[in-house]
Amino acid sequence: MLPGAARSPCLRFPRRFAHGGLAAPRTALWATAWYGIHSKAFTSANSPLRKDASKEPALASNSKTTNPIPTQASASVNPPKDARNATTAKKDLLSETTLANKEQRKADWAIIKEMAKYLWPKDDWGTKLRVGTALSLLVGAKILNVEVPFYFKSIVDSMNIDFATVGGTAYTVAGSMIIAYGVTRIGATLFQELRNAVFASVAQKAIRRVARNVFEHLLRLDLNFHLSRQTGGLTRAIDRGTKGISFLLTSMVFHVVPTALEISLVCGILTYQYGFQFAAITAATMVAYTAFTITTTAWRTKFRKQANAADNRGATVAVDSLINYEAVKYFNNEQYQVARYDKALKAYEDASIKVTTSLAFLNSGQNMIFSSALAAMMYLAANGVANGNLTVGDLVMVNQLVFQLSVPLNFLGSVYRELRQSLLDMETLFNLQKVNVNIKEKPDAKPLQLHKGGEIRFENVTFGYHPDRPILKNASFTIPAGQKFAIVGPSGCGKSTILRLLFRFYDVQEGRILIDDQDVRDVSLESLRKAIGVVPQDTPLFNDTIAHNIRYGRIDATDEEVHKAAQRARIDALIQKLPEGYQTAVGERGMMISGGEKQRLAISRLILKDPELLFFDEATSALDTYTEQALLQNINSILKEKKRTSVFVAHRLRTIYDSDQILVLKDGRVAEMGSHRELLDLNGIYAELWNAQEMSLAQDLEFERETERDDVESKERDMAPGPKAQQ
């Protein structure tokens, strides 16, 4: 049995309990002590979590959290209008809302204009040269394509003789035309393939730049945005959007303009060679074909949007289920998750069927229009041959020219359909780039200078995730430089919010936060966040090796520095025992290692970063008592050695009783502040909480002593000799 001084005062309460595969901190004792001290119960008025989020599935409603983070239901639906940090009202990027035709066209043109910047960048002459070369090759290919029917006409007319009477061979009669015909077709194909090869790097470079810009923008967005988004659906939408970039660029350069050029050439040739009737039929066909295609495709757009939205929902359910695999298993909800996924698949199936059937209608209408035009032109040409005005070669040439149009026309129809699809897929991608970055640094922001050693001062700070539910209310306190500072209080009182405000995940609504007399809003974000190190309550780990996760604290750290950081966090010995050592994979979100190991990896990462300001948010809640005490001793030695300003957020008072200053929060206000001894002498909230935890510890010790006595007595009875048998 461990000595009483080393034991946790919370042993009677569960250290952690399973929730979604994560280890939750022990907050039950705080709630018990707090309710026992005060007659009126604490409500969750300060908590940003909505109580009425009952429209979510039952599994979600069973889970509770004490972390004051706005949920999607609250943060994105009712954001504060007057808070600089709050997310402004915005439409759901993954929704299936169908815009009016005028609005949709406006959105499409905005995307096309944006992509034109990547197609013809101002300062990239290499890209401009490639685009210009590709366009030249394209024009050459189209001209050669239009020349092919002329050679075919000449071949037919040349061969329309009586060889028995005239004599000669096919080579002597039409040899040059046949060679020209073959060379022209080969040249057109060669130009097209060269065009594709030249333009390939332009499209791929644009995809990379757009994807990089979107990803960079996502990382700049505030915490509230990421907490309210559906990761699975968002990643699926981004993936579709990036795939649509290549098609959009190719369509802009190689399909829309070239098809218009080819149609103009054919109409001009028909008018010049055969009269206005042929050109009129061609022009009318183009107008009818284009109008029918655009109208029908616009009608089909809503079906594609519904399919995309269902696809996003399915991806969201799948990703959430796999990430929270343990929660699904703990509550035997496999069939529930399968039913949710199948519901999204059914919606996608229904929308896809509508897409396919409407596509059949579109294709049928296009073929009817074109076939009618072809029949009309063939009649005119045949009538001209019958009247002696045209030759058989002219009939063949008209047929060839019309069929020459069929390829770009049919292709234009499919291109327009795919173009609309690409624009829809890219709409989410470009809407992401329009989401405002709420936390910005000033143009004249300067690097943070810690000339006083890292003194932190909150001056009349008021903040709430929602206007009607403030978390901090006119809070003022100072964290002296180089001291160990602790923040305690009930769940939802704003302890973790203090860290988020200091780190500038959010900005205060009133008051200001100073570090060495510098407002955090006046310094650069990079220097501010570089100076702060955090061990969060829920340790974020990447699906990579242990070494990578520790080195994430300082990317350029050597292996030796990584090992030293792990030693100081008392996890090196454990890592060395693993078969693959530091190259052991931790799994998705670190699920392959225990909660205590995750927290020690987080502390290793913090030690490696070596920042001036340290924050520990229940950093040892998942550790056993012995490891916790040993690790705290190491942390305290580091703090004393380097004289770092450190802040500990804790529920178990025995882990922070040696702090230089302890701040007690109540209802978002500073209730008490002082050293452990001063707060006990004050005989206020802190003293009552301490006594409640000590009483719990005493009860634990008495219970264990009674258990041990019972065990000893039981063993003695078992070993005592029984009554002698009668002789």
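A Cβ is built for glycine as well, from the same backbone N, Cα and C atoms used for every other residue.
According to Swiss-Prot, MET159 and VAL317 sit on opposite sides of the membrane. Counting residues 6+ beyond its ends, the transmembrane segment (395-416) has Cβ neighbours under 8 Å at 145-146, 148-150, 152-153, 156, 251, 255-256, 258-259, 262-263, 266, 269-270, 273-274, 278, 282, 286, 289-290, 293-294, 297, 362-363, 366, 370, 373-374, 377-378, 380-382, 384-385 in the same chain. Comparing GLN366 (glutathione binding site) with TYR465 (ATP binding site), their Cα atoms are 55 Å apart once rounded.
It is 63 Å from the Cα atom of SER364 (glutathione binding site) to that of GLY492 (ATP binding site).
Long-range contacts of the transmembrane segment (249-272) within the same chain, counting only residues at least 6 positions beyond its ends with a Cβ under 8 Å from a Cβ of the stretch, are 112, 115-116, 118-119, 131, 134-135, 138-139, 142-143, 145-146, 195, 199, 202-203, 206, 278-279, 282-283, 286, 398, 401, 404-405, 408-409, 411-412, 415, 418-419, 422.
According to DSSP, the topological domain 'Mitochondrial intermembrane' (380-394) comprises 11 helix, 0 strand, 4 coil. Sequence-distant contacts of the transmembrane segment (361-379) (same chain, at least 6 residues past either end, Cβ-Cβ under 8 Å): 278, 281-282, 284-285, 288-289, 292-293, 296-297, 300, 395, 398-399, 402-403, 406, 409-410, 413, 417. Residues 152-157, 160, 273-274, 277-278, 281 of the same chain lie 6 or more positions beyond the ends of the topological domain 'Mitochondrial intermembrane' (380-394) yet place their CB under 8 Å from a CB of it. Residues of the same chain lying 6 or more positions beyond the ends of the transmembrane segment (274-294) and with a Cβ under 8 Å from any Cβ of it are 263, 266-268, 362, 365-366, 369-370, 372-373, 376-377, 380-381, 384, 390, 394, 398, 402, 405, 409, 412-413, 416-417. Shown are the binding-site residues LYS302, ARG304, ARG500; the one with the most C-beta atoms within 10 angstroms of its own C-beta is ARG304.
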